[in-house]
């Protein structure tokens, strides 16, 4: 892990009770370093009428946000309040700094575009320029000329030379050459043209605050942290009938191995729920995982977490 990632603080925006991440670099960081996938909830600019492929922002579970806070790699910001406060108190210096950051992003986009264009032109240069066939060299053969034909050729050559000389004289007299080269032609000043961009975040406008609103504690947090610390990736499990879908690695590479539910340590679990969950997990080719943590007491903190897997073996 690089030093920049060691000091990285992920900004989690709390909006209407939801925990959202708007920066694509933060999304890549928490997925790569902390095994958090979460769910994209934004529309794609190229095709906003579909909901199969979604984009930023990334919506986190409350368990995700709490876990990142405990690891001290993120902070939660009350986004509406911070934006209103900053916009009302923005001075000229802050405004200039924000505009300069936008211009820097535009220059970066232009450099990336120019580099991609140069690579594309170099790649397709040979395809656009077909090879020219080599002209064949014909060696003329010497033929004997008669006296009359030789005189005719000489006369034609003399006439062509005289006509060429007259043409040169006429062109030189009608269009005199300019010899004054002391003042070179001045090029008109061209204003720098940069591509227009739409900023995806407003981080450059607001300061990096450290306000951390309270994150509600869910009963599923112990099981969630237990699985994450062991390298499992977790996504919503509604489509498989559980609270979570648990993957042994990145979901881009693996299928889910478990559908997981969290229970309280003293919570009574109906036997019918165990049977139906076990059968459902086996039907979707997964194991049903259930777990709970021993609660804290006056003498000790929260104890160990126990997890069990259930499979339906058949009749």
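Placement of Cβ uses the backbone N, Cα and C atoms for every residue, glycine included.
Since the structure is predicted, the reported quantities are computational estimates derived from the model, not experimental observations.
Between the stretches 95-116, 117-138, 139-160, 205-226, Swiss-Prot puts its region 'Disordered' entry on 117-138. As stated in Swiss-Prot, the feature region 'Disordered' covers range 169-188 out of the listed 49-68, 69-88, 169-188, 229-248. Proximity of residue 255 (active site) to non-local residues of its own chain (separation of 6 or more, Cβ distance below 8 Å) is seen for 247, 285, given in sequence order. The Cβ of residue 286 (active site) lies under 8 Å from the Cβ of 240, 256, 257, 258, 259, each of these being in the same chain and 6 or more residues away along the sequence. Summarising the environment of residue 247 (active site), the number of other Cβ atoms within 10 Å of its Cβ, over all protein chains shown, is 22.
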